[in-house]
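A short worksheet on the structure shown next.
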Amino acid sequence: MTVSPHFEFRDGVLHAEDLPLTNLAEQFGTPLYVYSRQALHDAWEAYRTAARDRDVLVCFGMKANSNLAVLNEFRKLGSGFDIVSGGELARVLAIGGDASKIVFSGVGKQVWEMQAALKAGVKCFNVESEAELVRLSEVAQQSGAVARISLRVNPDVDAQTHPYISTGLKENKFGIAIETAVAVYQHAAALPNIEIVGVDCHIGSQITEISPYLDALDKLIVLIKSLADKGIELKHLDLGGGIGIRYTDETLLSPTVLLDKVFQSLETHGLSHLQLVLEPGRSLVGNSGVLLTTVEYLKHSEAKNFAIVDAAMNDLLRPTLYDAWHSVEAVVPRENTANDTVYDIVGPICESGDWLARDRSLHLEQGDVLAIMSAGAYAFTMASQYNTRPRAAEIMVDGLNAHVVRPRETLESLFAMETPLD
Ligand SMILES: *Cc1c(COP(=O)(O)O)cnc(C)c1O
């Protein structure tokens, strides 16, 4: 019934592992992000099993959930990290992460970010333009360091996902068009303090089909061979992230199926010496978290019924940003479903776009606690303080224990750095 075995109903109450979510809502208040430690481990295990004894480096695409407690779980499991900013680098270093397992992605790397990443000694910069390559060479020379690079190429494949999270098409801002990649690699080979180590692509997010990956792989293999002909040998191939999760009834692409196909293809082309790098974000954390919220008011009008809750678009932006669908469960569902009403679940923010779910059949009363499922990815990390709303607390459940891994922000902290003029 629910999307994760670690968020299940027991005796009519939704639990996170062994804890009733009613207890957590009472103890810590709502809105509240609740993560399951075991769910993180299980998600990791799916990739570890898929990798078997093959040379695979999984770099958690940490923009999906960058809480230090989450990062530290993956670090202990052996994960690397895919970072997209100097801020994310600082988080990985703060938990003692191994820089030799960091890949640095992003179209707009600034000089200070390059300097910090060179100083830390990251595994690879995924370079997204020729201008970035030139800047990186200059910064590396000034730093007396060598920058290891991949080019992020844009293979022009359709990931068959939402336009906002599709990144591998020609018209996207990401990467270097695959037709020009050989020339840019040759430019890279001629630049001082640049060492070419790999090739990279990331074609989109919430992908549920294997074909976009295999299409991209085919194009990368052609590129890798042309580079070899020109004397440019690579050490790794990075296929990015993007594996989808189940928000509702999606059929899923399993890491095992994907990796078996990828390695089969690499072997066929005599490329099995390459290390495979992956950058999964959502699939490692998405179904490891829920967002708890309390019904403040029920409001019935001629056209619609609204459940006005205490969570809002500032806590979970995905519905309004991507038209995303999150399952909504009453934490203690009422038995009599005959009285179900169709509600839009909306927040208190002064925007019509402030909705979390639409047209959900629920039997609700004021004060009920709801769980918005699949809120482990792109939830807290996209949260804001809009309407001067403190960002909600984050809780990590481990069996019968609940750890506060980030407390609820205080009102004073929201404006503590501001200075009124006399
Ligand atoms: C966002 C992102 C990821 C992670 O994507 P998911 O869909 O969450 O797996 C990986 N690599 C890059 C470059 C990204 O921008």
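Yeah, the Cβs are placed from backbone N, Cα and C, and that goes for glycine too.
Quantities reported herein were computed from a predicted structural model and do not represent experimental measurements.
What TrEMBL records for this protein:
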type     : residues                                       : note
ACT_SITE : Cys350                                         : active site, proton donor
BINDING  : Gly242, Glu279, Pro280, Gly281, Arg282, Tyr378 : pyridoxal 5'-phosphate binding site
BINDING  : Arg282, Arg318, Tyr322, Glu351, Tyr378         : substrate binding site
DOMAIN   : 33-376                                         : domain 'Orn/DAP/Arg decarboxylase 2 C-terminal'
DOMAIN   : 42-285                                         : domain 'Orn/DAP/Arg decarboxylase 2 N-terminal'
MOD_RES  : Lys63                                          : N6-(pyridoxal phosphate)lysine
What whole-number distance in angstrom separates the two most remote CA atoms of the pyridoxal 5'-phosphate-binding residues Gly242, Glu279, Pro280, Gly281, Arg282, Tyr378? 15
Out of Gly242, Pro280, Tyr322, Glu351, which binding-site residues have CB atoms lying under 6 Å from ligand 1? Gly242, Pro280
Which of Lys63, Arg282, Arg318 (the recorded positions) has the most other Cβ atoms within 10 Å? Arg282
Suppose you look only at the domain 'Orn/DAP/Arg decarboxylase 2 N-terminal' (42-285); what would the mean pLDDT be? 95
Where does Glu279 (pyridoxal 5'-phosphate binding site) sit in DSSP terms: helix, strand, or coil? coil
For Tyr378 (pyridoxal 5'-phosphate binding site), the three-state DSSP class is coil
Within 10 angstroms of Lys63 (N6-(pyridoxal phosphate)lysine), Cα basis - recorded positions out of Gly242, Tyr322, Cys350, Glu351: none
Reported as an integer number of Å, what is the Cα distance between Tyr378 (pyridoxal 5'-phosphate binding site) and Arg318 (substrate binding site)? 7
Row Gly242 (pyridoxal 5'-phosphate binding site), column other C-beta within 10 angstroms, all chains, value 30
With substrate as the bound species and Arg282, Arg318, Tyr322, Glu351, Tyr378 as its recorded binding residues, calculate the greatest Cα-Cα distance and give it in Å as a whole number. 27
Under DSSP, is Gly242 (pyridoxal 5'-phosphate binding site) helix, strand or coil? coil
Cα-to-Cα gap, Glu279 (pyridoxal 5'-phosphate binding site) vs Cys350 (active site, proton donor), nearest whole Å: 36
Least crowded of the binding-site residues Glu279, Glu351, counting other Cβ atoms within 10 Å of each Cβ, is Glu351
Spacing of the two Cα atoms, Gly242 (pyridoxal 5'-phosphate binding site) and Cys350 (active site, proton donor), in whole angstrom, works out to 33
Taking the Cα atoms as reference points, how far is Pro280 (pyridoxal 5'-phosphate binding site) from Arg318 (substrate binding site) in Å? 18
